[in-house]
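The structure under discussion appears below in the form of structure tokens.
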Amino acid sequence: MVVREKILDLVVSCFKRHGAMGMDTPAFELKEMLTEKYGEGSGLMYDLKDQGGELLSLRYDLTVPFARYLAMNKVKKMKRYHVGKVWRRESPTIVQGRYREFCQCDFDIAGQFDPMIPDAECLKIMCEILNGLQLGDFLIKVNDRRIVDGMFAVCGVPESKFSTICSSIDKLDKMAWKDVRHEMVAKKGLAPEVADRIGDYVQCHGGVSLVEQMFQDPRLSQNKQALEGLGDLKLLFEYLTLFGIAEKISFDLSLARGLDYYTGVIYEAVLLHTPTQAGAEPLSVGSVAAGGRYDGLVGMFDPKGHKVPCVGLSIGVERIFNIVEQRMKTFGEKVRTTETQVLVATPHKNFLQERLKLIAELWDAGIKAEMLYKNNPKLLTQLHYCESTGIPLVVIVGEQELKEGVVKIRSVASREEVAIKRENLVAEIQKRLSES
């Protein structure tokens, strides 16, 4: 929890720095609100058994509930963040940080704005968070849903197969092209020559020069949708250059994002493993953040179909928790699980009352303090407790101290002790804590 809270604090403070307000929604939604929004993911939803009321499902992500909220409350403009749990009936793979219940951290901008300005800010936020977490080198792959659909169209994929072929392409970060090709041809009935045409495109990735190159592509440049997507990406790269993050971004034609609701720019951040041999391409450790533009989702919930354009991102904190914990194990880093600053101790018997009075005074001054729950604990036991839990200071009261109206403050690390007046105790502790 200590590691998690630290990571979440960093993420949320970045969201707040960009002007987002916090929000929460119920853990469950009406089942019909969630179905048909996720493509092949719908089978992974947890349904709550009908108890004579409406059919409900646990939320699968934080985006669909956000869209439902905007539509229900007729909100046309909002910048919000949401940290909460979501549930998916996947087979858990602990190694990759995939669980059935996991935490998501989302940031979204809803509203009608000039093209690519909010989209560029979302990518900037991703960069700030990944830099702040110091996870090592990363890359953000960017594509556009209209380019994906345009590519499918010019390659000869029948429109009825767009969605299912899209979720095959989405597996390219986990599977080799030949296996994805096999799935598309053998399992999904795509013609082999169509698959090969797709193959020529999805193996392309580069910077803004690749965007220019695709404008010249004999097939792709004939497609109106693809041209719109390429035009937006060109503008996006201009803004990313001004934000100083263009070198972190790669235009990648294999990026498809399997969710059905994306309509424009899509992106995914991956951590790069430093390659062992020189000259090799850095390996990706998997996605740690992703998002995109979904301009039609709110309209699906509105009886009149009023659209509210949206763009957003989700930080894969569960995977990040996993990576950080692995690192700490590797480097043998120890983390304090509590924040106690002072232990109130005594070397003598029958001093419980004095310890209780002292500790109440510390608590009331806002100092984090503990004592052992025994009438007559041994001094050594009390000092050991400090060492094992990382408590930096001990306040000691015994017969001598009581007589003289003082208490002793002991530093656990240096073992130095000083006697100070009882009435100066709080001030002295606060002074020491502010110096450390």
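Keep in mind that glycine also has a Cβ here, set from the backbone N, Cα and C atoms.
According to TrEMBL, the L-histidine binding site annotation covers ASP61, LEU62, THR63, ARG88, GLN104, ASP108, ARG257, TYR261, TYR262. Under the heading domain 'Aminoacyl-transfer RNA synthetases class-II family profile', TrEMBL lists 1-347.
Here the features listed in TrEMBL are painted onto the structure.
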residue	record	contacts (Cβ under 8 Å, 6+ apart)
ASP61	L-histidine binding site	TYR38, VAL86, GLN104, ASP106, SER314
THR63	L-histidine binding site	ASP106, ASP108, TYR261, TYR294, LEU297, GLY312, SER314
ARG257	L-histidine binding site	ARG145, ASP170, ILE266, GLU268, ALA290, GLY292
TYR262	L-histidine binding site	ARG145, GLY292, ARG293, TYR294
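Pairwise Cα distances among ASP61, LEU62, THR63, ARG88, GLN104, ASP108, ARG257, TYR261, TYR262, which the record gives as the binders of L-histidine, peak at 21 Å. Averaged over the domain 'Aminoacyl-transfer RNA synthetases class-II family profile' (1-347), the predicted model has a pLDDT of 91. Residue density at GLN104 (L-histidine binding site): 18 other Cβ atoms are found within 10 A of its Cβ, drawing on all protein chains shown.
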